[in-house]
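A quick write-up on the structure given underneath.
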Amino acid sequence: MELMIWRPHEFNRKYNCVNIDVDYIPIETRRSPILGSILMLLFIIYYVLYIPCMFSFWKHIDNACYKFLFYIGITDLLILWICGFETAIFGMTGVVFCSSPLLVYISGNLGNAIWAAETVAEATLAFNRCLDTISPRISSALFTGKKTWIWLSIITLYAIYWVFYMPPVLFSSLYFAWFFEPYVGGYKNVTEQYSSILHSIHNMSLAFFFPICYICFAIVLFIKKRMYGASAPNQVSNVDLVIILQIFLISVINFTAASLYDYMQYAEVNEAIIITATFSWFHVHGFPPIIYLLLNKTIRNDSKKLFYKIFKKDKVTHIHGVTVLAKNNTKNRIGVTNNSKMLTNTNQSRTITKQTNNLPNTISGN
């Protein structure tokens with residue numbers, strides 16, 4: 001973005017579309033209606049599923065883990081409009097850089113920055129969860145209270161740096177993917193270097209960080225189990241293991257997308273790998289709600305309550321300001337009926353006793 005704002009002459013030299021005929025490659029060749037339709041359908045499904053998850057994250061925002069999840073959720077919901085909605089529309093309509101240079105440039109720029117924010121936040125959360133298991137004291141010193149917001153602020157500043165100084169990825173419907181080079185497909189012969197060393201360092205660092213982080217966690221956990229057995233200090237709860245499993249699964253998708261995208265910017269790859277990279281990037285941000293709802297009981301229950309609160313209000317009730325699922329109505333009705341019968345029998349007994357006490361004492365009159 002810095003190039004476009006402060007160095008327009010350099011920007012025009014590198015990204016101009018003068019004398020470029022977009023229809024040099026026919027629109028029928030550029031369009032990908034099937035891939036675009038699949039991506040659009042997945043975008044709608046994932047986006048809808050993410051909303052109740054965000055509600056749950058906010059509900060538990062006091063927890064450092066959920067602060068990170070909420071932040072990651074915001075970045076995912078933002079970038080899904082680029083790697084999901086826009087990619088689908090661009091693919092179905094045959095967009096290349098010179099079709100809509102400003103829109104594609106800004107979208108790619110923001111997509112890069114949000115990718116940086118999401119992946120670093122994901123890595124920091126993985127570090128937090130593993131550290132919390134290995135050494136809760138150090139984890140508390142680094143992440144307790146407002147310290148989490150400091151971490152997130154630093155991550156945001158890093159993403160802002162990407163907005164201004166990272167060359168954007170640019171969409172090409174010829175391959176249904178985003179590339180650094182604006183003229184992919186033979187629109188112009190270029191000798192210019194468009195890729196970024198920082199982008200490669202970032203992606204490769206993530207590719208190595210996630211496995212190292214989880215290998216260290218597994219080693220420490222194994223040692224503790226061998227040394228202390230079930231009485232190991234700082235024992236890992238089932239809840240912690242589930243959270244770590246969620247982060248691990250998302251990290252695997254991150255690793256795949258980062259590796260593929262970085263590889264295809266520098267090497268000749270076939271169309272299948274390119275499309276796999278596109279869908280991997282999309283699933284980095286779209287698939288997490290599936291993982292949350294399947295594996296996280298807290299998020300799943302919060303989502304159920306939100307659904308019932310909106311669509312089936314008779315299924316929820318409020319106790320001291322807290323939304324809870326209502327008990328079965330049939331059981332409640334049975335309980336009320338039984339109570340009514342007991343009350344009726346009691347009243348009848350009291351009436352008979354009272355009548356007996358009021359009878360004249362005929363025996364004493366003889």
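Residue 1 is the first one shown; counting continues down the chain.
Glycine residues also receive a Cβ, built from the backbone N, Cα and C atoms like all the rest.
Under the heading transmembrane segment, TrEMBL lists 34-57 (among others).
As annotated by TrEMBL, transmembrane segment applies to 64-82 (among others). Beyond the ends of the transmembrane segment (64-82), by six or more residues, the same chain brings 43, 46-47, 50, 53-54, 57-58, 107-108, 110-111, 114-115, 117-118, 121-122, 124-125, 128-129, 143-144, 148-149, 152, 155, 243, 282, 285-286, 288 to within a C-beta distance below 8 angstroms of the stretch.
Residues or ranges marked as transmembrane segment in TrEMBL: 149-180 (among others). Sequence-distant contacts of the transmembrane segment (149-180), counting only residues of its own chain at least 6 positions beyond either end whose CB sits under 8 Å from a CB of the stretch, comprise 1-3, 25, 29-32, 35-36, 67-68, 71, 83, 86-87, 90-91, 93-97, 104-114, 116-117, 120-121, 124, 143, 194-196, 198-199, 264-265, 271, 274-275, 277-278, 281.
The transmembrane segment feature in TrEMBL is assigned to 200-223 (among others). Sequence-distant contacts of the transmembrane segment (200-223) (same chain, at least 6 residues past either end, Cβ-Cβ under 8 Å): 116, 119, 123, 126-127, 130, 133-134, 236, 244, 248, 251-252, 254-255, 258-259, 261-262, 265-266.
Residues or ranges marked as transmembrane segment by TrEMBL: 243-261 (among others).
Cβ atoms under 8 Å from those of the transmembrane segment (273-295) belong to residues 35, 39, 42-43, 46-47, 49-50, 53, 56, 72-73, 75-76, 79-80, 83-84, 87, 115, 118-119, 175-178, 242, 245-246, 249-250, 253-254, 256-257, 260-261, 264, 303 of the same chain, restricted to positions at least 6 beyond its ends. Residues or ranges marked as transmembrane segment by TrEMBL: 273-295 (among others).
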